[in-house]
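Reading through the C-alpha cells given below for one structure.
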Amino acid sequence: MSSPLGHFQILVFLHALLIFSAESRKTQLLNDNDVESSDKSAKGTRWAVLVAGSNEYYNYRHQADICHAYQILRKGGLKDENIIVFMYDDIAFSSENPRPGVIINKPDGEDVYKGVPKDYTKEAVNVQNFYNVLLGNESGVTGGNGKVVKSGPNDNIFIYYADHGAPGLIAMPTGDEVMAKDFNEVLEKMHKRKKYNKMVIYVEACESGSMFEGILKKNLNIYAVTAANSKESSWGVYCPESYPPPPSEIGTCLGDTFSISWLEDSDLHDMSKETLEQQYHVVKRRVGSDVPETSHVCRFGTEKMLKDYLSSYIGRNPENDNFTFTESFSSPISNSGLVNPRDIPLLYLQRKIQKAPMGSLESKEAQKKLLDEKNHRKQIDQSITDILRLSVKQTNVLNLLTSTRTTGQPLVDDWDCFKTLVNSFKNHCGATVHYGLKYTGALANICNMGVDVKQTVSAIEQACSM
C-alpha cells in the first residue's frame, strides 16, 4: 500500500509535467508565429494597379472588368492602401446607364462598382500618371489622390489593364498612348531600383501581344499574359444580339473574353491552390485559343514563375476553400457570343437606333453618328493606302497592310520612328484607337523598311488632306 507522501510526490510530478507541457506548447506556438511572421515578411506586401483605359458608355465593359478585379483583390485580402485604380468613372452614373450607380460584368451579375476607390479619374487617367504611380514618384502625379506604389524588394505587384489596343500600343482615355517600348523601359527601371520581388501583368487589348513580344526580358521576374497575340483582335462578350446577352436595357457589351475568363475563374477557385500556369490554360481554353476565329492568349517573361500560386499576387478568398474544379468551367465561349471590339461602337449605335422611337431626335442623332463613323472609317482605310504608296513609292502596297515580322521579334526596331508616325497619323488623319490605329502595324513596316521619317510624315499630311 502506497504512502500519502508517495501520492503527494506523484501529484507534484504530474503538475510539473503539465506546466512543462503547457510552456513547451506556448513556446512552440510562439515559434510558429515567428515563422509565420518571418514568412509574411519574406513575402512582403501585395500591390495591385488596375487600369481601365477608355471612357464613354459604349466602352462599359472595360470599367466593368476593372471593378470586378478590384472586388476579387479585396476578397483576397489586399488592402485599399495597396490597390491603385485608374478609371474615367463616367459609366456608373452616366445618363445612359439604366441602373445608376451600378456596374455589372456579366448577365445577372452583382454590382461590381460598389466600394471601388476613385484614385485616378477623368483626365488623371493618363500615361504620365500611370508610369509615375508604378515608379512610386509622388511628385510626378497630377490630379487624383496622389497614391503611388510604395513597394520594395520583397513585394509582389499585379498590374491589370483593360482597354483598346493596336500594334505597339495600348490606349488611355486622355493624352498619349502607352507605347510598348516606353512601358517596358519603366518595368526595367522598377527592376533596377528593386521596386518588387515578382510582378504579374494581365493585358486585355487588341494586338496586346505586341506590348511584350521581343521586348520583355526574361530575367526581370515579370510574367505577362495578353488577351491576344501581336496580330489579332481580342473580343467583347455578353453583348447585345449575342448569347448570353446583357440585360436589354444596358445596350452594350458587359465584358471581354480574356478578362471575364480569368475573373470568373478567380471568383470560384482557391487561389492558394491554383498556379499561374493553371489559370493560363483555363483562360486559354475558355477564350478558345484553339479556334482560328478567336484570339490566342499569349504569355511572356520569366517562365520559372509559372508554378507560383495566384494567391501570391491577387490573394485568396476563404469562401473558395472547398471549391471543386470542373473542366466544364473552362469550355470555350461560344463564337456566337463574341464581338470584335472595333465593331462595338457601331453595334451600340445600331441598338440606339432600334430602341429609339422612329423619327425621334434621338433616332436621328444616332443615325447621323453611325453614318459619320462609317464614313470616317472609309476615309481612314483610303488614307493608309495612300500613305503607303506615297511613302514607299510603290503602287502595290497591300502586303504592307497585313505583313508581320517573324514570331518572337518586336514590332519595330526604331521606336522613335514609330512614335513619330503614329502621332502624325493621329493628328493629321484623325486616327483613333477605336479604329484607325489598327493600322499602326503598317506604319511599323514603313519604319522597318528604313524609309525616311520626314518623307513619311509629309506623305501622311498629303494623304489626309486629299
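The backbone N, Cα and C atoms fix where each Cβ goes, and this holds for glycine too.
Sequence-distant contacts of HIS164 (active site), defined as residues of its own chain at least six apart whose C-beta falls under 8 angstroms from its C-beta, comprise GLY53, SER54, ASN59, ILE170, ALA171, ALA205, CYS206, PRO341, VAL433, HIS434. A coil conformation is recorded for HIS164 (active site) in the three-state DSSP classification, outside any helix or strand. Sequence annotations record features per position, and here Swiss-Prot assigns active site to HIS164 based on similarity to another entry.
According to Swiss-Prot, the active site, nucleophile annotation covers CYS206, on the basis of similarity to another entry.
Cβ neighbours within 10 Å of CYS239 (disulfide bond), excluding its own Cβ and spanning all shown chains: 25. Under the heading disulfide bond, Swiss-Prot lists CYS239-CYS253 (among others).
DSSP assigns CYS417 (disulfide bond) to a helix. Around CYS417 (disulfide bond), taking its Cβ as the centre, 20 other Cβ atoms fall within 10 Å, counting all chains. What Swiss-Prot records for CYS417-CYS447 (among others) is disulfide bond, and it gives similarity to another entry as the kind of evidence.
Following the DSSP three-state reduction, the secondary structure of CYS464 (disulfide bond) is coil. Within 10 Å of the C-beta of CYS464 (disulfide bond) there are 21 other C-beta atoms, taking all protein chains into account. Under the heading disulfide bond, Swiss-Prot lists CYS429-CYS464 (among others), citing similarity to another entry as support.
Sequence-distant contacts of ASN137 (N-linked glycosylation site), defined as residues of its own chain at least six apart whose C-beta falls under 8 angstroms from its C-beta, comprise VAL148. Residues annotated as N-linked glycosylation site in Swiss-Prot: ASN137 (among others).
The feature N-linked glycosylation site is assigned by Swiss-Prot to ASN322 (among others), with sequence analysis given as support. A C-beta separation below 8 Å, combined with a sequence spacing of at least six in one chain, links ASN322 (N-linked glycosylation site) to none of the other residues.
Positions annotated as signal peptide by Swiss-Prot, on the basis of sequence analysis: 1-24.
Across the recorded positions listed here (CYS206, CYS429), the residue whose Cβ sits among the most other Cβ atoms within 10 Å is CYS206. Neighbour counts of Cβ atoms within 10 Å were compared across the disulfide-bonded residues CYS253, CYS447; the minimum falls on CYS447. Nearest in space to CYS253 (disulfide bond), taking C-alpha to C-alpha distance over the disulfide-bonded residues CYS417, CYS429, CYS447, is CYS429. Looking at CYS239 (disulfide bond) and CYS429 (disulfide bond), their Cα atoms lie 30 Å from each other.
Between the alpha carbons (Cα) of CYS447 (disulfide bond) and CYS429 (disulfide bond) lies a span of roughly 19 Å. Spacing of CYS429 (disulfide bond) relative to CYS417 (disulfide bond) is 18 Å (Cα to Cα, whole number).
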